[in-house]
Every structure is written in structure tokens, then in C-alpha cells.
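Asks: Structure incoming, see below.
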Amino acid sequence: MKILGIDPGLRTTGFGVIEKQGNKLSYIASGTIKTPDADLPQRLKTILVSVAEVIATYKPDCAAIEKVFVNVNPQSTLLLGQARGAAICALVGADLFVAEYTALQVKQAVVGQGKAQKAQVQDMVQRLLKLSGLPGTDAADALGVAICHAHSGEALSMLGALAPELAKKGLRVRGGRLVG
């Protein structure tokens with residue numbers, strides 16, 4: 001199963017692609033999508049188009065994205081939510097099942113503790129995927145989201161893979177459940 005992880009951000013969105021075969025995780029690719037110094041709609045378009053290009057290039061079976069946390073600054077939270085929405089639109093537009101995880105869940109899955117620092121996440125991602133170098137923070141976070149999904153989202157992914165067929169029958173997957 002090929003998993004695309006996304007760490008959304010208005011200026012920089014991280015992506016990471018891994019493959020899970022049995023209990024083995026393999027690194028495929030990672031990187032960042034940097035938006036131009038432009039108005040909000042152009043930045044969101046860059047995220048949407050770039051995530052779609054990542055999907056077309058690596059052809060993941062499913063995707064996972066980090067949930068937005070409520071920041072001290074409500075405006076920052078709203079902007080992050082819009083960047084996340086642009087990424088989700090690209091994922092759903094490619095008929096991918098999208099799982100969502102909090103930063104706490106990702107840190108627990110990767111490091112073993114929810115209050116881990118970014119450097120600890122980077123280090124564990126490097127170790128878990130046997131990377132020769134330390135990934136950048138945004139790419140490491142995205143790979144962490146993918147790793148979190150690999151550990152906890154297998155059943156959800158299988159259900160999500162059936163989503164196009166279920167839609168033809170008037171059913172859809174919502175919150176890990178089938179609804180009509």
C-alpha cells in the first residue's frame with residue numbers, strides 16, 4: 001500500500017510518500033511545496049495543483065493529512081485551514097481515501113510520545129525509513145503523517161479503497177463508517 005502524507009501550510013506544505021508491505025515501511029519520496037509571495041487565492045491554487053502533481057507522479061493508494069490545531073492567533077488557524085482544504089480537494093479530486101490525524105497522534109505513532117519536539121520527529125523518521133540524511137522539518141512531518149497512517153489506518157484505507165464502488169451504490173465512507 002502506497003501512502004501519501006501531507007503536512008499542510010500556507011507558505012510551505014510538506015509531502016511524503018511511503019510504501020507499506022506487511023510490517024515493512026519503505027521510503028519513496030518527500031519534499032515541500034512552496035507557495036509564491038502572492039495573494040491567498042494564488043497560494044491555494046499552487047497547493048491544489050502541486051498536490052495533484054505529486055499524486056500523478058507517485059500514484060498513492062491512500063492519503064493522510066494532519067489536522068489543524070487551534071493556534072493562539074485565530075487568523076493563522078483560518079489560513080492554515082484553507083491551505084489544508086486546498087490539499088484535501090486535490091486528494092479527494094483524485095478519488096483518494098483521506099485519513100486525518102492530529103499532531104499528537106502523529107508524534108505518538110512516530111516517536112512514542114505526544115509532546116515530542118520537531119527534531120525528535122525528524123530523527124525517528126530518518127531511523128524508521130532508513131534515510132541517509134535528516135529530512136527537512138515539513139517533509140519529516142509529512143512522512144510522519146504517512147507513518148502514523150501506516151500504523152493505525154490500514155482498516156480505514158481498505159474501506160477507503162472501496163469508496164468509488166460504494167459511491168455507485170449510494171454509500172460513502174464517513175468517519176470510518178459506511179453511510180447511505
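For all residues, glycine too, the Cβ spot is worked out from N, Cα and C.
So Swiss-Prot has the following annotated:
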- Asp7: active site (ACT_SITE)
- Asp7, Asp138: Mg(2+) 1 binding site (BINDING)
- Glu66: active site (ACT_SITE)
- Glu66: Mg(2+) 2 binding site (BINDING)
- Asp138: active site (ACT_SITE)
Asks: For Asp7 (active site), list the number of other Cβ atoms lying within 10 Å of its Cβ atom.
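Replies: If we count other Cβ atoms within 10 Å of Asp7 (active site), we arrive at 26.
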Asks: I need the CA-to-CA distance for Asp7 (active site) versus Asp138 (Mg(2+) 1 binding site), whole Å please.
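Replies: One finds 6 Å between the Cα atoms of these residues.
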Asks: Any idea what the Cα distance is from Glu66 (active site) over to Asp138 (Mg(2+) 1 binding site), rounded to a whole Å?
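Replies: For Glu66 (active site) versus Asp138 (Mg(2+) 1 binding site), the Cα atoms are 11 Å apart.
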Asks: Check the DSSP secondary structure of Glu66 (active site), expressed as helix, strand or coil.
Replies: strand
Asks: For Glu66 (active site), just count the other CB atoms lying within 10 A of its CB, please.
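Replies: Summing over all protein chains shown, Glu66 (active site) has 25 other Cβ atoms within 10 Å.
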Asks: By a simple count, how many Cβ atoms lie within 10 Å of the Cβ of Asp138 (Mg(2+) 1 binding site), its own Cβ left out?
Replies: 23
